[in-house]
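Database features (Swiss-Prot):
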type	residues	note
ACT_SITE	Glu188	active site, proton acceptor
ACT_SITE	Lys230	active site, schiff-base intermediate with dihydroxyacetone-P
BINDING	Arg56, Lys147	substrate binding site
MOD_RES	Tyr5	phosphotyrosine
MOD_RES	Ser36	phosphoserine
MOD_RES	Ser39	phosphoserine
MOD_RES	Ser45	phosphoserine
MOD_RES	Lys111	N6-acetyllysine
MOD_RES	Ser132	phosphoserine
Amino acid sequence: MPHSYPALSAEQKKELSDIALRIVAPGKGILAADESVGSMAKRLSQIGVENTEENRRLYRQVLFSADDRVKKCIGGVIFFHETLYQKDDNGVPFIRTILDKGIVVGIKVDKGVVPLAGTDGETTTQGLDGLSERCAQYKKDGADFAKWRCVLKISERTPSALAILENANVLARYASICQQNGIVPIVEPEILPDGDHDLKRCQYVTEKVLAAVYKALSDHHVYLEGTLLKPNMVTPGHACPIKYTPEEIAMATVTALRRTVPPAVPGVTFLSGGQSEEEASFNLNAINRCPLPRPWALTFSYGRALQASALNAWRGQRDNAEAATEEFIKRAEVNGLAAQGKYEGSGEDGGAAAQSLYIANHAY
């Protein structure tokens, strides 16, 4: 086997590892506020608000104006390109607001999913062209981590070996390019919850996908201590008739991770995948109470599951902004507890927190 030339210096490795550990410090997770313009259209239309740049700015301001209470439960915020260069009402750049709280800034760098020819409707993710230059610029502008999402779906014939291999390689290329530019890559191979498959089938597919991802990361000489993983929890398909407990979901999820994710990885930041706010918190809590040894931090990287109640409270009205921000802080604190296995539940069976946030065939 030929010698592998060191891709990163000791200093570069230390910087990447330190950033990753800051993001997933105990009780901390990630706010995913990186919805594209198209995704924001869906969010805003739900509350009857027009999808303009100004309305998107006002909504992001609701989230980013949260006070210092979020410092103990939010370790990182993922921005969308547009948001990275927007300012609050006082002319302070959003990125400065987040950095001043001691929270790490991240950026979504993929350019969306595209069809993978020769498959049954499967996809790969585009955005590698010019990625190195974009990462260098984002690093200068204050971002220290990035996110790239690949999507796989479960059916009788999918995910195919081709889709698994292609997406694993794309994630590895992205991760390698990020690290060369001092940016911690969050690797996101999302297996969609669409379908009627049971828990066992999701666990099997999750194991196969994660095994392929870590093989690719190894092939591309990616420094695992300077990465984070953003996977789906192992859950049944949305149309599955069987209902599973949070404990069953936790056991299946932790088992799949233990079989595939090296202990060198500092943290696993779960996506919420259309679960309701409460469901996402209960499941994360159960995962952190799972009786199996867990060498990584197991925390959250939630979008809708941190924002749904805030969005509902805001409804595009300036007068509601403060109340909406409070709703966001409440969810952030709950998930900070769940990330430590300390969440006892709010007793809220109704309201926005219990609403399913599922969107079929979810594309950002």
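Glycine too: its Cβ is placed from the backbone N, Cα and C atoms.
Keep in mind the model is a prediction, meaning the values are calculated, not measured.
Known features from Swiss-Prot, placed on the structure.
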residue : record                                                        : DSSP class
Tyr5    : phosphotyrosine                                               : coil
Ser36   : phosphoserine                                                 : coil
Ser45   : phosphoserine                                                 : helix
Arg56   : substrate binding site                                        : helix
Lys111  : N6-acetyllysine                                               : coil
Ser132  : phosphoserine                                                 : helix
Lys147  : substrate binding site                                        : strand
Glu188  : active site, proton acceptor                                  : strand
Lys230  : active site, schiff-base intermediate with dihydroxyacetone-P : coil
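Around the Cβ of Arg56 (substrate binding site), 21 further Cβ atoms fall within 10 Å across all displayed protein chains. Comparing Cβ neighbour counts within 10 Å across the modified residues Ser36, Ser45, Ser132, the minimum falls on Ser45. Cβ-based crowding with a 10 Å cutoff singles out Glu188 as the top-ranked of the recorded positions Ser39, Glu188. For the recorded positions Lys111, Lys147, Lys230, the ranking by surrounding Cβ atoms (within 10 Å, all protein chains) places Lys147 first.
Comparing the Cα of Arg56 (substrate binding site) with the Cα of every entry in Tyr5, Ser36, Ser132, Glu188, these being the recorded positions, the smallest distance points to Ser36. Around the Cβ of the residue listed as 'phosphotyrosine', 6 further Cβ atoms fall within 10 Å across all displayed protein chains.
The shortest Cα-Cα distance between Glu188 (active site, proton acceptor) and any of the recorded positions Ser36, Ser39, Lys111, Lys147, Lys230 is the one to Lys230.
Here the Cα atom of Lys147 (substrate binding site) is found 11 Å from that of Lys111 (N6-acetyllysine). Comparing CA positions across the modified residues Tyr5, Ser45, Lys111, the one lying closest to Ser132 (phosphoserine) turns out to be Lys111.
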